[in-house]
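A.B. asks: First the structure, then my questions, so here it is.
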Amino acid sequence: MNPSHAQKIVSAFWFILTLVFAAIVFFPYYWMFVSSVETESMFSWPPHLIPSGFTLESYWTIFEERAIGRWFINTVIVAGSTSLFSTIIAINAAYALSRFKTRTTSTFTILILFSQLLPAALIVVPLFVIFQQLGLYNTLFGLAIADTAFILPVAIWLLKGFFDQIPVEIEQQAMIDGCTQLGAFYRVVLPLALPGLVVVVAMSFISGWDEFFLARTLIASQDNWVLSVGLTSFRGEYTLDWSQMMAAAVIFTVPALIFFLFVQRYLVAGLSAGAVKG
Amino acid sequence: MLSSIKRSNLLPLWLLGPVGLLLVVILIWPILQGIALSFYNTRILTYSEGRFIGFANFNALFQDEYFWNSFRVTAIYGIASVTATYALGLGFALLLNREFAGRGLIRTIFILPWAIPEVVAVLIFVWMLDPQFGVLNYVFTALGLISEPLPWLSQSHLALPALVALTAWQQFPLAMLILLAGLQMIPKEQYEAATIDGAGPVSRFFHVTLPGLRSVNIILVLLLTLNSFRRVTMIYAMTRGGPARSTETLSILTYNTAFEYQRIGYAAAVGTTLLMILLFFSVVYFWATRQGKDAR
């Protein structure tokens, strides 16, 4: 056997190993989907690793028997507002942190880094009371505001990175041409930072979409539940139909997944740069 | 001239106003309230009628066997989940760092667990771990790893390992991506030089790869540790701290004490203790980040 032949066998081995691990990592996704479209009872042994048939019955059932539709709309409202609020607020804040070096901005930088580390478990008890006093308790708006506060530090940090890469001279030129400072920023800098904006919109949407802990604590009535809370309520019931449960899980996952696949390239680049550069 | 200076001084304040307001109302103020509450004896959520009792909550806490139990659970969970997450992350990063066809697609598959909502990850695992019909019990028995299906989530000594496995599956993509970025920073010449000096793959791993990842490793491990202390959604949705408090980390103990047992002041004391631990690790984290920057 010549060396190049041996090399080929070695790299084929690694490639196959990679595929095997990828399959194992992917399996829970596969199993969620297969369970949701299985035609026979879930309560059989051994489990059908390959589905014995295909049916969307579970999907129809949960829309008829559960408030999935309602929770879906609530989730869209909360995730959409979270995304809207945090993007608008983060744009201005990140611009300030990127372009002004004053005592105010450096205090804010520390404040933002610090707030990323706070334990939600400690925050949520007083927040519960504060929300009751402010009339935000059990409202979708209140939940979106809370989600926004939790995602904002990350969003600002990410956008600041994008703004830092755009030379100041570009806005200075626009200001000489008669723009105000903010005008120059909105008209010239913001369009250049569009990839960064896309990441922040999608990332805050996903985090609002997935949020469970705040939603579970700050929302009381079933009508205002979001999908994450509604889904977990299936458990603990006497007869748990796993097929319906997995159908609901698929419905919950797909929008987040689409957003994720859409931005993963930027997200990965931003994350890697942040981690390696410190 | 004067007005333009004034304006440029006020502009950042205007721009940062909304963030400041939100962070103060939703994060900072509640944290301060939480710390203040830990010195009060109060059981009701509208805690205005509480009684100031100084450090009594903390005294009781340090003698509370449930506190020490969750301290232990937090430590075991932290060490096990960070180790497992890191090991998977590094292993897969090394696999994906090789050149092969379809690498982009396969990398996306490896990132997917990170994209799934935590609650969904929990539900899938609960279903896969079902004592009677769970697919994992089937696979494990078929492979001869266990002799009969196990009730993973209702037995104390099985629930924590199951939770660690779920955590590792969901969190390793973060570790993998950061390590992959770190691997790509190691100059190829170092590998070539090591090969010329007669180093085999194992020796190259220990003498080139691991030292090359050093600064990334420190930051990643601290980040994973901080996350394991703060994690609530996954643990709460999977076990609520049970069975028999075997998965009750400090975060979960804080939440359960407040909302299940309605002991608000006491819960705040647990949370404040957790905050102190987090602050310690954060200071180390910032220090390590700064060191890493200076080294470059």
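From the backbone N, Cα and C atoms, a Cβ is placed for every residue, glycine too.
Quick paste of what TrEMBL says about this protein:
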type	residues	note
DOMAIN	B:71-285	domain 'ABC transmembrane type-1'
TRANSMEM	B:12-32	transmembrane segment
TRANSMEM	B:75-96	transmembrane segment
TRANSMEM	B:108-129	transmembrane segment
TRANSMEM	B:160-185	transmembrane segment
TRANSMEM	B:205-226	transmembrane segment
TRANSMEM	B:264-288	transmembrane segment
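Context for these features, please: burial, neighbours, distances.
C.D. replies: Same-chain residues lying 6 or more positions outside the transmembrane segment (B:108-129) and placing a CB less than 8 Å from one of its CB atoms are 92, 96, 135-137, 152-153, 162, 165-166, 169-174, 176-177, 233-234, 237-238.
A Cβ distance under 8 Å defines the sequence-distant neighbours of the transmembrane segment (B:160-185), meaning residues of its chain 6+ beyond its ends; these are 73, 76-77, 80-81, 84-86, 88-90, 92-94, 96-97, 110-114, 116, 118, 121-122, 125, 129, 152-153, 209, 212-213, 216-217, 219-220, 224, 227-228, 231, 234-235, 238-239, 246-247.
Taking Cβ pairs closer than 8 Å, the transmembrane segment (B:205-226) reaches residues 78, 81-82, 85-86, 89, 94, 171, 174-175, 178-179, 181-183, 185-186, 190-191, 194, 199, 278, 281-282, 284-285, 288-289, 291-292, 295 in its own chain, all 6 or more past its ends.
Long-range contacts of the transmembrane segment (B:264-288) within the same chain: residues 31, 34-45, 47, 50, 53, 57-58, 60-61, 67, 70, 218-219, 222-223, 225-226, 229-230, 250-251, 253-255, 257-258, each at least 6 residues beyond the stretch ends and with a Cβ under 8 Å from a Cβ of the stretch.
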A.B. asks: Counting only residues 6+ away from its ends, which parts of the chain sit with a Cβ under 8 Å from the transmembrane segment (B:12-32)?
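C.D. replies: For the transmembrane segment (B:12-32), the far contacts come to 275.
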A.B. asks: Taking residues 6+ outside the transmembrane segment (B:75-96), which of them lie with a CB under 8 Å of any CB in it?
C.D. replies: 103, 106-107, 110, 160-161, 163-165, 167-169, 171-180, 182-183, 209, 220-221, 224-225, 228-229, 247, 249
